[in-house]
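Colleague: Dropping a structure here in structure tokens format, bear with me for questions.
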Amino acid sequence: MRVLGGRTGTLLACLALVLPVLEANFLSRQHASQVLIRRRRANTLLEETKKGNLERECIEELCNKEEAREIFENNPETEYFYPKYLGCLGSFRAGLFTAARLSTNAYPDLRSCVNAISDQCNPLPCNEDGFMTCKDGQATFTCICKSGWQGEKCESDINECKDPVNINGGCSQICENTPGSYHCSCKNGFVMLSNKKDCKDVDECVLKPSICGTAVCKNIPGDFECECAEGYKYNPVSKSCDDVDECAENLCAQLCVNYPGGYSCYCDGKKGFKLAQDQKSCEAVPVCLPLDLDKNYELLYLAEQFVGVVLYLKFRLPETTRFSAEFDFRTYDSEGVILYAESSDHSAWFLIALREGKIEIQFKNEKTTKMTTGGKVINDGLWHMVSVEELEQSISVKIAKEAVMNINKPGSLFKPTNGFLETKVYFAGVPRKMENALIRPINPRLDGCIRGWNLMNQGTSGVKEIIQEKQNKHCLVNVEKGSYYPGTGVAQFSINYKNESNPEAWQINVSLNIRPSAGTGVMLALVSDNTVPFALSLVDSATEKLQDILVSVESMVIGRIEAISLCSDQQTFLEIRVNRNNLELSTQLRKDSFHSEDFQRQFAILDEAMKGTVVTYLGGLPDVPFSATPVNAFYQGCMEVNINGVQVDLDEAISKHNDIRAHSCPSVWQKTKHT
């Protein structure tokens, strides 16, 4: 506060105005003398012309309010000063102003008390924590704040962390406000850089290499992760990777097989299902090439049973009756039994068969045993009328009413008993006890059809009525040459793949002509116990209406030809050659090779299996686990197979599903024919 000079009134007048009546006591003689001596003003004519002075006017002497106004020359300072001035007088003038003493006891004397009144910064009005300096003014003051404080008295902390200009206080991560300041800090997993603002990630994987145990440590911002391979999850207790049992989550529609690090879904191909594109759900194996499966109950199918006869009839006729048989016959098969007849006591028998495509007759009676083969080849897939008639001294065989054989015979074929000729007739087979009693052994299985039969001149003998409701005894109306796999079973063979000159060597050379009617199925498989060390399959391709050809060892695919068109009315030639070191897979348009170096484990598995005993299956798999191969559906369609240079005859199989047709295949369904 400025201290200004001015005119001063008389001290006595001032005291007369301001002193309360109760305090206006007379001074002692000693004090009165001292006052008069010490406070005597200069008696000069120039006194009133001097500039007002606080020391002279209000300390050395007493001043009134007007005189104080003349000192400060402004009202605000005067109004501020004078009440406090009176307080100082009350404290330090003996016997005066005793009521104000308590508020001024911080000063040692009157001079200190009065001089302090004009300093607005004393006592300090500013916040001690926030001010830097206090600037005195006219009845006012100004607090100069330290950095980080604001307000009239520097009482308010500035939150630097919310400064819109300096976002987050310039901290890269955490800004913490403090009274008058702030500081930056880092999140867990980070350390502060020397600039005290930016944070740097801590690489825990480098600091503690064993922190994840057997898992892989991956550093991430502010932390780390212990990673396991797909199909595993991290165990923080053991610090290792545990296999995830995905099958427990019911991810697969049918069968789920869990294995270390993964799982596989399987569908029951034997029931007509395959794995969908999502590799989890199952869908029906679709037909990609419709076939003409129309049947006629008037056509008797001779290959209904792989083992045993198709039909058995017994005749009891007058003793004058002679044996006769007439029928229409159609086949592509080259060998098999058409009819077999015998007497009731089994002493005489008569056989009509086919060998190398020609009619063969074998018979035995009480006088002779004979066998004759002759006539033209009739296994051309066309209908041929065949008649066999016992004459008085010979047996006549006719094809299309033209005699092709005339066999002499002494006596009757069958001897009457008790005035009757009792005869048993078997279709497409012979009684088991007679299989080894024939003059020349023959494979009795015959894939063929007969119609319009007339046995012993008795017409159809009620056979039509017997077979009418039995679909499996009906023949297909339209067939072509080939072998047909309906997708319901397999054919089993025992084939030696070993090289006779080198017992350690083996070879699988397979050629196939295929015309699939479904795009997924196992064509050929070699089985060892419950494992499948080799399989040749086809699957529907990811490309619509195309198929892939797969070669697999157990559950691993080691060869593939992708996206070829197999479902057409034309057959596709496929060849595969395999030995212990190499695999070649080829079609008419493409040839691929796969070497043991690429699939060492798989070729080792195959080599070990081939040194032992394997069973060959065509058309599918036996009862092995779903997971044994990538594909387990039965093959559906036509297929002819040659293995190591030998054409496979399904009639020679160890076992065969009855629905598999060894030498006939349904024709492709023609839309125009059925409209």
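Positions of Cβ are set from backbone N, Cα and C atoms, glycine also.
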Colleague: Need the cross-check against Swiss-Prot: the disulphide partner of Cys186, picked from Cys175, Cys184, Cys199.
Modeller: Cys199
Colleague: Going by Swiss-Prot, which one of Cys154, Cys184 is joined to Cys171 by a disulfide bond?
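Modeller: Cross-referencing Swiss-Prot, the cysteine bonded to Cys171 turns out to be Cys184.
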Colleague: Tell me which of 88-116, 204-232, 378-406, 523-551 corresponds to the region 'Thrombin-sensitive' entry in Swiss-Prot.
Modeller: 88-116
Colleague: By the record in Swiss-Prot, which of Glu61, Glu128, Glu422, Glu575 is the one labelled 4-carboxyglutamate?
Modeller: Glu61
Colleague: Based on the annotations in Swiss-Prot, which residue of Glu55, Glu176, Glu597 is described as 4-carboxyglutamate?
Modeller: Glu55
Colleague: Have a look at Asn250, Asn258, Asn296 and find the one that Swiss-Prot tags as (3R)-3-hydroxyasparagine.
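Modeller: Among Asn250, Asn258, Asn296, the one Swiss-Prot marks as (3R)-3-hydroxyasparagine is Asn258.
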Colleague: Say a student had to find the 4-carboxyglutamate annotation in Swiss-Prot: which of Glu67, Glu335, Glu356 would be the correct pick?
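Modeller: Looking at Swiss-Prot, the 4-carboxyglutamate feature maps to Glu67.
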Colleague: Same chain only, sequence gap of 6 or more: which residues have a CB within under 8 Å of the CB of Asn499 (N-linked glycosylation site)?
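Modeller: Same-chain residues close to Asn499 (N-linked glycosylation site) (Cβ under 8 Å, separated by 6 or more) are Ala505, Trp506, Gln507.
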Colleague: Based on DSSP, tally up the residues of the domain 'EGF-like 3' (201-242) by helix, strand and coil.
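Modeller: Going by DSSP assignments, the domain 'EGF-like 3' (201-242) contains 4 helix, 18 strand, 20 coil.
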Colleague: Tally of helix, strand and coil residues over the domain 'EGF-like 1' (117-155) according to DSSP?
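Modeller: Computed counts for the domain 'EGF-like 1' (117-155) are 1 helix, 13 strand, 25 coil.
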Colleague: Could you check what DSSP calls Glu55 (4-carboxyglutamate) once collapsed to helix, strand or coil?
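Modeller: DSSP call for Glu55 (4-carboxyglutamate): helix.
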Colleague: Could you tell me which of these modified residues, Glu57, Glu60, Glu61, Glu66, Asp136, has the greatest number of Cβ atoms within 10 Å of its own Cβ?
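Modeller: Highest number of other Cβ atoms within 10 Å: Glu57.
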Colleague: Please report the distance from the Cα of Glu55 (4-carboxyglutamate) to the Cα of Glu73 (4-carboxyglutamate), rounded to the nearest angstrom.
Modeller: 16
